[in-house]
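Asks: Look at TrEMBL and you will find B:25-45, B:52-77, B:97-116, B:123-140, B:171-191, B:221-246, B:258-281, B:293-310 tagged as transmembrane segment.
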Amino acid sequence: MSDYIIETSGLTKSFKGFTAVNGVDLRIRRGAIHALIGPNGAGKTTCFNLITKFLEPSEGRILYKGEDITRMKPADIARLGMVRSFQISATFPHLTVLENVRVALQRPLGTAFFFWRSETSLDGLNDRAMQLLDEVGLAEFAGAQAASLSYGRKRALELATTVALDPEVLLLDEPTSGMGREDIERITSLIKRVAVNRTILMVEHNLSVVSELSDRITVLARGQILAEGSYLEVSSNPEVVDAYMGSGHA
Amino acid sequence: MKRTDINTAGGSPAQGPGRFNSSTILYLVLLALALVAPAVLYPIFLVKVLCVALFALAFNLLIGYGGLLSFGHAMFFGGASYITGHAMLVWGWPTELGILVGVVFSTLLGVVAGLIAIRRQGIYFAMVTLALAQMVYFIFLQMPFTGGEDGIQNVPRRAVFGFIDIANDTTLYYVVLTIFVFGFLFIYRTIHSPFGQVLKAIRENEDRATSLGYHTTRFKLLAFVLSAGLAGLAGATKVVVFQIATLTDVTWQMSGEVVLMTLVGGLGTVFGPVVGAAIIITMQDYLATFGEWVLVIQGVTFVIMVSLFRRGVVGEIAALINRVR
Ligand SMILES: Nc1ncnc2c1ncn2[C@@H]1O[C@H](COP(=O)(O)OP(=O)(O)OP(=O)(O)O)[C@@H](O)[C@H]1O
Ligand SMILES: [Mg+2]
């Protein structure tokens with residue numbers, strides 16, 4: 001088996017003539033925490049959308065565990081064990097916090113189309129759901145509507161929902177954006193814990209989070225890979241510094 | 001942690017067992033009221049409300065829980081009434097089989113229309129359903145068996161199961177009430193099922209549901225088909241009651257009326273469509289003497305209600321109760 005769990009070759013996406021992602025060859029090592037960084041508009045989210053098939057690539061190929069997934073549907077990608085989060089927190093706002101996690105847990109039951117069965121048949125999942133909520137510090141909010149949570153807690157809920165599927169690969173799009181310091185620390189240690197036996201591809205602007213978590217970093221600028229390596233290698237690369245300075249980042 | 005709220009669409013804070021009892025009591029009280037209603041109100045009026053309310057409930061299943069606005073639901077309601085009317089009048093089928101064939105027809109029509117429309121989003125979905133419904137309207141207008149402008153008249157009221165004589169209006173009312181309660185429970189269970197959970201999740205955030213591995217279009221399609229079948233049950237029942245199937249029931253105005261009733265009553269609430277149907281039918285009955293002006297009065301009422309009570313009558317009451325508690 002290949003060392004790389006995700007491999008893209010020549011991945012390209014054009015929006016009406018504008019090329020957002022341009023010939024990206026990405027290789028994500030199994031078990032790694034891999035960060036994808038770059039200035040605003042570099043094409044990071046678009047890369048996520050392509051890899052998880054929320055967008056059709058204009059060109060290029062995507063391999064997952066050596067299997068070509070370039071023509072697959074996004075829901076099937078998730079079923080293969082590659083689950084993404086979204087840049088803007090994605091919960092089910094009018095479901096309870098518990099139900100949010102349970103929607104993920106219920107999928108393997110295979111009863112998702114059973115409209116004649118009572119929802120009490122899902123109660124067996126409540127313990128596992130509470131356990132997942134407890135891990136992200138949300139147990140006391142289990143009965144509240146997701147919409148009523150603070151932003152940081154919504155992101156924690158999103159992570160718990162993603163982990164509920166027990167995915168092999170997690171793609172996290174800016175998991176700490178818009179958070180205060182305490183929340184950032186909580187999420188960071190949570191990601192560390194979740195990363196055990198899993199692969200994580202993560203877009204992140206907060207460079208201290210990146211340096212703390214990632215084994216490897218790919219820098220994207222204007223849709224192309226600018227540099228790749230460890231945090232030290234990348235942060236001392238003058239081109240990278242330039243790209244960041246140019247767009248007003250520290 | 002079982003969700004036991006009676007009125008709100010989505011989740012709500014987990015409630016203790018006490019709440020479950022109070023909503024069960026509410027349902028029983030409403031059922032008791034429905035059982036004695038013919039002593040106070042005209043059975044035929046009630047039966048009309050029940051038929052239309054069932055139609056609105058079916059529609060609400062789709063928009064309130066699936067987040068899909070269909071602007072062509074008359075094709076299922078009116079379509080089933082034609083098929084049922086024809087089966088009973090021309091083929092001489094018994095009432096229960098007549099209703100069944102109407103429901104089967106609308107369910108199949110739901111599969112076809114759903115497959116065509118379901119991938120469209122938002123207003124495009126509404127437009128495609130409207131276009132399909134107009135096609136169905138045209139087909140029914142052209143087909144000889146529908147009787148064109150005259151419709152299918154004098155559909156017999158045959159005894160249900162051969163011994164429940166529905167020529168009597170009060171008996172008829174109880175038969176229709178039974179059908180209505182069946183439809184209501186069917187929808188209630190659908191909403192509160194594993195399927196209902198996923199459907200609500202899709203309504204709340206379709207991309208997120210996809211990223212969790214759900215093929216969202218399949219769920220929306222199933223919701224559409226169930227809604228179509230139930231709309232057909234309402235239409236089939238209506239033809240048994242009024243003994244006539246006409247073009248009115250397949251027009252776009254009928255599709256619009258069901259949107260109106262659901263919004264007035266409260267979209268995505270369990271009882272909203274029933275209340276909305278009762279309000280609209282009452283208005284139509286009392287204002288019948290105003291002729292064409294009914295439409296204007298209806299329109300004005302609609303605008304006022306939607307701007308004053310955004311959540312509809314039932315939605316506002318539920319919000320009020322939640323605030324007080
Ligand atoms: N659906 C779309 N249609 C047209 N242009 C798009 C679309 N999605 C993204 N773009 C453009 O592609 C470029 C890359 O966007 P993308 O969201 O991938 O950037 P990003 O690296 O995630 O930026 P940020 O750090 O701000 O999240 C941007 O210029 C954006 O405007
Ligand atoms: Mg982005």
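For all residues, glycine too, the Cβ spot is worked out from N, Cα and C.
What TrEMBL says about a protein is an automatic prediction, not a curated fact.
Are these features on the surface or tucked inside, and what are their neighbours?
Replies: Counting only same-chain residues 6+ beyond the ends of the transmembrane segment (B:25-45), those with a CB under 8 A from a CB of the stretch are 6, 169-170, 172-173, 177, 181, 241, 281, 285.
Within the chain, the transmembrane segment (B:97-116) has long-range Cβ neighbours (under 8 A, six or more residues past its boundaries) at 72, 75-77, 79-81, 83-85, 87-88, 128-129, 132, 136, 179, 220-221, 224-229, 231-233, 235-237, 239-240.
For the transmembrane segment (B:123-140), the residues of the chain that approach it from at least six positions outside its boundaries are 68-75, 78-79, 82, 109, 113, 116-117, 146, 247, 250-252, 255, judged by C-beta separation under 8 angstroms.
Among residues of the same chain six or more beyond the transmembrane segment (B:221-246), those with a C-beta under 8 A of the stretch's C-beta atoms are 44, 47-48, 50-52, 54-55, 57-59, 61-62, 65-66, 68, 70, 73, 76-86, 88, 95, 98-99, 102-103, 105-107, 109-111, 113-115, 117-118, 146, 150-157, 166, 172, 176, 179, 183, 186-187, 190, 195, 199.
Tertiary neighbourhood of the transmembrane segment (B:258-281): same-chain residues 6-10, 45, 48-49, 52-53, 55-57, 59-60, 63-65, 69, 71, 73-74, 77, 188, 191, 298, 301-302, 305-306, 311-316, 318, selected by CB-CB distance under 8 Å and a gap of 6+ residues from either end.
Non-local neighbours of the transmembrane segment (B:293-310) in the same chain are 260, 263-264, 280, 283-284, 287, 316; each lies 6+ residues outside the stretch with a CB under 8 Å from one of its CB atoms.
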